[in-house]
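Structure first, commentary second.
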Amino acid sequence: ELEESEKFYVGQPRVLLLIYALYNTLVARSEMVCYFVIILNHMISASMITLVLPILIFLWAMLSVPRPSKRFWMTAIVYTEVAIVIKYFFQFGFFPWNKHVDYTKDKPYHPPNIIGIEKKEGYVHYDLVQLLALFFHRSILKCHGLWDEDEKGDSSSNKEDTDDELSLTGGRRDSSASLKSVNLAASVESIHVHFPEQQTAIRRKSSSSISQLSHRSSFSSHRSKRDFFKNINCTTLSLYSLQCKLCDTKLYCGLCCFRTLQVYVPIRQFFYNLIHPDYSAVTDVYVLMFLADTVDFIIIVFGFWAFGKHSAAADITSSLSEDQVPEAFLVMVLIQFGTMVVDRALYLKKTVMGKVIFQVILVFGIHFWMFFILPGVTERKFSQNTVAQLWYFVKCVYFGLSAYQIRCGYPTRVLGNFLTKSYNYVNLFLFQGFRLVPFLTELRAVMDWVWTDTTLSLSSWICVEDIYAHIFILKCWRESEKRYPQPRGQKKKKVVKYGMGGMIIVLLICIVWFPLLFMSLIKSVAGITNKPLDVSITITLGGYQPIFTMSAQQNQLKSLDPNEFNEFLRSYSGNTAALQFLEGYAREDITRADLEGNSNSLWTISPPSRKKMIQGLRDFNADFTVVLSWTIQRTLEEVYPYYIKAPSDSLAKPIKQLLKGIPLFSIDCKWENITVSLVKNGSEEGAREWWVLNQPGKGQKTPHESLELFIFSDKVSPPSLGFLAGYGIMGLYASVVLVIGKFVREFFSGISHSIMFEELPNVDRILKLCTDIFLVRETGELELEEDLYAKLIFLYRSPETMIKWTREKT
C-alpha cells in the first residue's frame, strides 16, 4: 500500500506536487506563519493593542525550549479574540472620538489611534487573519499530539520520581504543622512554584523526547538533581504555608506579596533555565544577524528622511554636499552602529546572559521608539511610513535570529572569519572585498583583540591576522590551480589571453580616458539646455550714476526659428573660427534678447555731479564726439558685445569668434556701436530725465530705439550626474585616474620584494599553524599561544625554513 501510495503521488502533475510541497512547508513552519502574521498586523495597525503579541514573541515564544508552550498559544488566541471584541465595541458612532474621524485619523498622538480603538474601514481584517493562523497552528499541534505535551511530560516525569519525593508530596497533604516550620526566605529564593492542588512534582522539561530518554537512562548518575527537586518541593511547601497563614490572618499586604511571587518566580525560572540549560544545541547565526543589521544600515542611509521631521524630500547626497549632516541620519547611524558593536562584543565574550539582557533592552527600546517617539518626530503615523516599516521588519528578523542564538547558546570556538571557511573563488573575492572596505578590517581586528582573552599585544595580533589573510588568499589560488591545472610546456590558450588580457586592456584604457569621454558625452548627448531667464544691460559713464539700466525677460527672450538660424550660419560661411565655434551649439542653445531702448529708471544725479559731467562732455580733447542740444547725444564706438556666451560654471563673456572684422589669430575685439541719448521731459512737477540707447547695426530692424543681444548657452549635465561632472576634467583625473592608478600600480610594482612570500607552493602547514593559534586561544592555553606565535614569526624570518615548510607533500 505504501508503494502504491508513493507511485500515486509521483504520478501527479508537477503543479499539484508543487502545491503539496508548499503546503507541507507551511505545515512544517506553521509557527513562523503565525509570527509573520502577528508582526504584519502590528506593522499595519501600529497600536498598543497589537504591540503586546510581538513583544511576547521575541521574549517568550522564540526563547522557549524546545518550542512555545500551550500556554503561549492559548494566550495569543484569547488575546486576539479579546482584541477583536474591543475593536468592534468601539466602532459605534456614539463615542465622541468617532464623530470627527477624517480630522483625527492621521494624528499619531490621538489617544484612540495610540490605543488602537479608532473607527476605520477594515479595522479587524488582519486580526481575523491572525486568529485564523493561530487556529491553523493549533490544529497542526493537535494532529501531531503536541498540544497537550506539557501535561503529558509532567505526568510521565512524576512516575520516575524517587520514593523520597513521593513521601514528601504525601506529607504535604497530611501534615500542616510541618508547613509552619518552613522559612519564608527559602520561598523568596526559590526557582519554581507549584501549588498543592497540582499533584505533580517539579522537573525541568527536557529539550526534546530524545533528551528525555537519555535523561531516564542516566537517572542513576544524576543523584544530585534529586536533592535539587527536594529543595524545590520544600520551597513549594513554604509558599503553601505562607498562603495558609495569609488566608487565616487575612493580611492584604501579604497576599499581594504572594501574588507578586506567583508572577515573578515563573519568569525568573524561565530565564534561569534559558541561561543555564541542561542541554545546549550550540549554533552560530552571528553572520545572519550581522547581515540583517547591515540591511538596516543601508535602509537608514538611503531612507534617512523617513526618520526625521520635514525631510521627506531630502537627499543624503545633496545634504552632505552642502556640508549639512541631518540629525535624523546621524542619530540612526550611531544607534545602529552602536548595536552592531555591542552584538560583536557579546558574540566574542560568548555571554548568553548579556545577550538576554541586550535582547530585552532592544525589544522594549525599539518598540517604544518606533511606535511612540518616531510618530511624534515625523508627525505621521507609523503605518504611513513605508521606510520605517521596512526597517522594523528587518529588525524583527534580527530579533528572531537573536532569540534562536540565545536558545541554542553561543559556540565554544570562534575561529577566523566566516568568509574563510571555504577555498574557492567566491570566498576569495568576497574576502578581498571585505578587506577593501575602509577601516572595517582594522575595526574588526581591534574589537576581536579587546574582547578575546590573549597574551599577544595589539601589534602581534594584527600581524597574525595579516599573515592569516595572506595565507588564505594563497590557499585559494593554490586550490584553483589544482582544480584547473595547466600542463607543463603548453602555451596559454587564446581564450584566456584575449579574455583576461583584453578585458584588462579595455579597463585600463577606459580608466585613462574616462574623464574626457565623460565630460564630452555628458553635455553633448545627455546635456540639458540651460536657457537664460534674465538678460540685463547697465551702462555707466565716468563713474557717475548709471545712465542706462534695462533687462529682458520672458517674452523678450526669443529662440531663433530654423530660417533665422540658417541665415545666421550663412553670414559666417567664410569665417573658419566662427564656424568651428558654432559646431558646438544647436539652434535651441541660442537665445535672442530684445532690450527696450528706454531706460527703465529715471536718471537721478546730483546737480554738482551733473555739472561736472557736462564739463567732461564739452571737453573736445576727449576720445568721443558730443552734440549738445535738448538731448545730449554721442556715439560709443565698439563697446557693445553683440554675442555673449553663458557658461554653466563661470561669468558670461563675449564671443570673439563671431565679432565682425576679427582676424583669425587676433585677440582684438571689434564690438558693436550704440548711441546714447539723454531725454528730458518737463511737466508741472518738474523736469525728469532718462537715457535712451539704440543699436544702429542690429540684425532685426525696429522703428524704435532698442538693443539686440545673442546669448549662447552651454549645456549642463543632468542633475543625477551633477555631483560627478562638477569636479571638471582635472578633478576627475585627480580623483579617478590617479587614485585608481595607484591601486593598479600596486599589482605591477614591488613584485620582486614579495616573491618569497607570494610564491609558496603549499600553504597548508602555515594555514594550520594560524588556525592552531586561534584554537589554543579559545581553549585558554595562552602560554601555548605565545609559543606558536613565536614559531610563526621565526618561520617568516627564516627563508630556508619557509622553503621546507611550503614544499609539496610527498
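Numbering starts at 1 and runs along the chain as displayed.
Cβ from N, Cα, C; glycine included.
Feature annotation from TrEMBL assigns domain 'Piezo transmembrane helical unit' to 28-148. Annotation source TrEMBL lists domain 'Piezo THU9 and anchor' at 283-520. Taken from TrEMBL, the feature domain 'Piezo non-specific cation channel cap' covers 635-808. Per TrEMBL, the feature region 'Disordered' maps to 149-174. Look at TrEMBL and you will find 33-60, 72-90, 285-308, 328-347, 356-378, 390-410, 422-438, 458-477, 498-522, 721-744 tagged as transmembrane segment.
The transmembrane segment (33-60) shares more Cβ pairs under 8 Å with 356-378 than with any other stretch in the list 285-308, 356-378, 390-410, 422-438, 458-477.
Long-range neighbours of the transmembrane segment (72-90) within the same chain, counting only residues 6 or more positions beyond its ends whose Cβ lies under 8 Å from a Cβ of the stretch, are 34, 38, 49-50, 52-53, 56, 60-61, 64, 98, 112, 116-119, 123-124, 127-128, 130-131, 134-135, 137-138, 141. When Cβ distances are compared across the two stretches, the transmembrane segment (356-378) makes no contact with the transmembrane segment (422-438), since fewer than 3 pairs at least 6 residues apart fall below 8 angstroms. Broken down with DSSP, the domain 'Piezo transmembrane helical unit' (28-148) shows 82 helix, 0 strand, 39 coil.
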